[in-house]
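Okay, structure first, notes after.
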Amino acid sequence: ILCVSPQGTPSTAAPKPSSLSHPARAERPHPSHAMFRRATGLLARRLISSSGSRAKPYSTDLPAAPTEDSTFVEAWKKVIPNIEPPKTPLSFMKPRPSTPPSIPSKLTVNFVLPYASELSTKEVDMVIIPATTGQMGVLPGHVATIAELKPGVLSVHEGNEVKKYFISSGFAFIHANSYADIIAIEAVPVDQIDPSLVQKGLAEFTQKLSSASTDLEKAEAQIGVEVHSALNSALTG
């Protein structure tokens, strides 16, 4: 670096040390970069197949494997080999059928509530579920999906017959092997709903919503209005 002295003659001055020019600091990688490289390396190793030539593709296929928790059983026998391992919830579950090579003609539906099972391995043509994103029709061969349910009508189509249930909320699990598991908090056949009680409840909660003074009262009244409005739509639609 050239500097000019008070006498006007140029002179050289050594540059001040800087962290930006320090070779050790400039070459040192950021800790997060090293962690990222290590994580991606571990992930890549797990995706490599046993042959070591290509990665395993992601899949929604469900193999027809036993539901017994083999890992738990092996660990148990290593620690307590002279005592039979206890039964786990998986021990009482049937193995899920694998994805068929071709699309089946029927959709297998399980529709359960906390206190009852409405449909158990029922083969139907189609179901229409009230998802939060809108009405969703599910046919055999539907892509694997998880859908949150809102108050509305669940329609089960079997031939020329259509069975309709009003559900309050829940989830639907659509599997790649043309199985559908529908779990609802509450459900009732639409033909068992009393229209007069629906109208009465809708008017009651509408009044509560207009006179609510706290956030809690408004939230409770809003839920009542939405549920009774959905009930009314189920009856009139």
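Just so you know, glycine gets a Cβ as well, placed from its N, Cα and C.
In TrEMBL, the annotation region 'Disordered' applies to 1-34, one of the ranges 1-34, 35-68.
Counted with DSSP, the domain 'ATP synthase F1 complex delta/epsilon subunit N-terminal' (107-178) comes out as 0 helix, 49 strand, 23 coil.
Looking at the domain 'ATP synthase F1 complex delta/epsilon subunit N-terminal' (107-178) alone, the prediction's average pLDDT is 94.
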